[in-house]
Amino acid sequence: MGAGQSVCFPPISGPHHIGCTDVMEGHSLEGSLFRLFYPCQASEKCEQPLWIPRYEYSMGLADYLQYNKRWVGLLFNVGIGSCRLPVSWNGPFKAKESGYPLIILSHGLGGFRASYSAFCMELASRGFVVAAVEHRDQSAAATYFCKPTSQESSPAESLEEEWLPFRRIKEGEKEFHVRNPQVHQRVKECVRVLRILQDASAGKTVVNVFPGGLDLMTLKGSIDRNRVAVMGHSFGGATAVLALTQEVQFRCAIALDAWMFPLERDFYPKARGPVFFINVEKFQTVESVNLMKKICAQHEQSRIVTVLGAVHRSQTDFAFVTGNLIAKFFSSNSRGTLDPYESQEVMVRAILAFLQKHLDLKEDYDQWSSFIEGVGPSLIQGAPHYLSSL
């Protein structure tokens, strides 16, 4: 990282170089936008992508946090808009005959496709292909799609951007009636990205709206369709839980501090497992953990653990924002008593152990199997003591 970098990402510990590309498929709201992290070949020329893709995301982030969109958006853009990810932008994909396991990742409220880059980079360095979906249900800080400007079909020069802002709950609206349709749309978007990547791995042509990106044909034969997991944070955690039930190709789900509220009550008898709930100390409620326990009671391989000293945003990249000015906008909600780098390491190891077990990986991640049971640094099984009488 350069001296001016105001986001200091955790060091990568896996053996693979990491590539990264953006994929937009389709010319309508029903299409897909995601950021793909993957093992790549070493390359002498290595352009690094921006962490926050464009200025509009800085404005959207300020708006989501309920700051002045214009001025604080400008401040965010100046402070963190030039930060780059330590990966190879559109780096050459490293083919693997047996295929890489695939993870589809769903962001939380106010997130976007790069909000969990620390997790994505580390998992890609460990030999996973990770697709971070940018949802179009208006839960993202900002997002967009490219649509034709006229009735003519598809030349790139005839496309125009349509931006979708974050949608707030209006006065008098019942939040569940907004969030429940959103979580179902989110699942459809996750499944669509799964299908796109399976098509690419099968050698089918996938047209990327973005020019000059990674040729997805290079993924041919390199994704293991039998080893697929879904993962998400907060609203994305609920999305992952629902996606596991609705799409049988997902073999397991990882729910980081899942916000269970959007899921309808009659969903729980139908819920599938295994789900790995990784909570932080001070976000969950008794009711929310009770709902997680309903799923665990039905599926003996599902687990709940809590990371002590971590807070809700400890599981996002915003935990790694540094510098007095910008960090103030996140510090009250993104800094727990546990060092964010220690928190990240503990969670990654727990995730790897869970994935090894349930995707039948031939790795050494079982050295952290105890983490799945809440036995490890800063971990406890189940809920914190003040929620333990459930």
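Backbone N, Cα and C define each Cβ position, glycine as well.
The N-myristoyl glycine annotation in Swiss-Prot covers G2.
Of all the Cβ atoms in the protein chains shown, 24 others lie within 10 Å of the Cβ of S234 (active site, nucleophile). Taken from Swiss-Prot, the feature active site, nucleophile applies to S234.
Annotation comment: Swiss-Prot describes D257 (among others) as active site, charge relay system, evidence class sequence analysis. Taking the Cβ of D257 (active site, charge relay system) as centre and 10 Å as the limit, one finds 28 other Cβ atoms among all the protein chains shown.
Summarising the environment of H312 (active site, charge relay system), the number of other Cβ atoms within 10 Å of its Cβ, over all protein chains shown, is 22. Marked as active site, charge relay system by Swiss-Prot on the basis of sequence analysis: H312 (among others).
S234 (active site, nucleophile) sits 5 Å from D257 (active site, charge relay system), taking the Cα positions as reference. Taking the Cα atom of each, D257 (active site, charge relay system) and H312 (active site, charge relay system) are about 7 angstrom apart.
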